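Student: Got a structure here, written out as structure tokens. Questions coming.
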Amino acid sequence: MKTTRHLPFCLDCETELGEKDNYCPVCGQENLDRKVPVRIFIADFFSNYLSFDSTFFRTVPVFLYKPGKLTNIYNDGKRRTYLNPIRLYLIMSLFYFFMVSLIIPRNFFDQVMAGNLFGIDLVGKGFMDKPEIRDALDPQERAEMDSLLQQARENQLYVMNGPESPEEQAFDSTNHRLGWKELKLLAQDPLVSDSSFARALENSDRSLFDFMSLKSQRNFVANSNLFMVGFARNLPIMMFFLLPFFALILKLLYIRRPWYYVEHLIHGLHLHSFAYLIYGIGIVLIHFKLGSMEWIGTISFLVVSVYTFVSLLRVYGQGWLKTVIKFNVLGFMYFLVFWIALVYELYFSLKFL
């Protein structure tokens, strides 16, 4: 529990205070010394937001096995018996995004673009001409790297100078298409000019974003690993700001109910917390190869969907038919809002790369 650190006087109006005075009787400021060592500051944070006290253990069974009941209890005014919705959301979201950071590699985007999600991806190791990089590779990896680098530079000469003969001009241009690994090598090579890289882009199979300048496109290709880092860093913020939109959709769907907006927001916090928990567990199962990604992903989605549907039934008390319709409308509208937010998140992650 948090340790209360009282002062003998008020920091605001300098009124003398007693040892048991929690607030100044003159100005009302809290009597608390906030200048503390880092260890106490961190301990207070975990005590306030992440501690597993009796309320947490009372909350878990209701939260897991009785969809909607926790929302009803909290909205009925019983707010000391169970965990605060924001605190529950914080715990579950931290668990989920921590699991995401464990399983998704830094070169995930490179593997996707190269079409080699589960294979060895050399481009994520940096520019391959560096001796320290070459020495770290085994003979097979070094041979693959040399082949890619040679092919990339040959294609770079081709896109710089163009075909040298009518036979080359008649040669099918698809034979000169550059893959993602070759593009990355060219983008990282200081000997390749921007104009040459621009021609390489035109002769590649990858169409990048038109809103980006040539310099930004080259920077993105060369440092695509940083894109994943920025995207992963911004994703929790995006999801948090989506919560008010989720609550607004609920408010519109149940507009005839005499509910305040904040009550829908509490329901949204509970539903998102459960989704984070289930998907986080799913990521753990995938990480330890306890099932295929498709199978675990499908089961996780079904569990979250059923939980949400039952919660809507119990919280709003409408019939099955109305709930089915509103459940589908909620899913469609939130899916639309989610993808709009995701596009903006991708845009800003690329823009500030």
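Using the three backbone atoms N, Cα and C, a Cβ is placed for every residue, glycine included.
Automated prediction, rather than curation, is the source of TrEMBL annotations.
Dumping what TrEMBL says about this protein:
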- 88-109: transmembrane segment (TRANSMEM)
- 235-254: transmembrane segment (TRANSMEM)
- 266-289: transmembrane segment (TRANSMEM)
- 295-317: transmembrane segment (TRANSMEM)
- 329-350: transmembrane segment (TRANSMEM)
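Each of these features: where is it, how hidden is it, and who are its neighbours?
Tutor: If you look at the transmembrane segment (295-317), the same-chain residues 6 or more away from its ends with a CB under 8 A from one of its CBs are 67-69, 71-72, 254, 257, 267, 270-271, 274-275, 278-279, 281-282, 285-286, 323-324, 326-327, 330-331.
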Student: Using a Cβ cut-off of under 8 Å, list the residues of the same chain at least 6 residues beyond the transmembrane segment (235-254) that approach it.
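Tutor: Residues 93, 97, 100, 261, 264-265, 267-269, 271-272, 316, 326, 329-330, 333-334, 337-338, 341-342, 345 contact the transmembrane segment (235-254) from elsewhere in the chain.
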Student: Near the transmembrane segment (266-289), which residues from the same chain, at least 6 beyond its ends, have a CB less than 8 A from one of its CBs?
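Tutor: Contacts of the transmembrane segment (266-289) (Cβ under 8 Å, skipping residues fewer than 6 from its ends): 63-64, 67-68, 70-71, 74-75, 85-86, 88-89, 91-93, 95-96, 98-100, 102-103, 239, 243, 246-247, 250, 296-297, 299-300, 303-304, 307-308, 311, 315.
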Student: For the transmembrane segment (329-350), find every same-chain residue at least 6 residues outside the stretch whose CB is under 8 Å from a CB in it, and list them.
Tutor: 209, 211-212, 216, 220, 227, 230-231, 234-235, 238, 241-242, 245-246, 249-250, 253, 305, 312
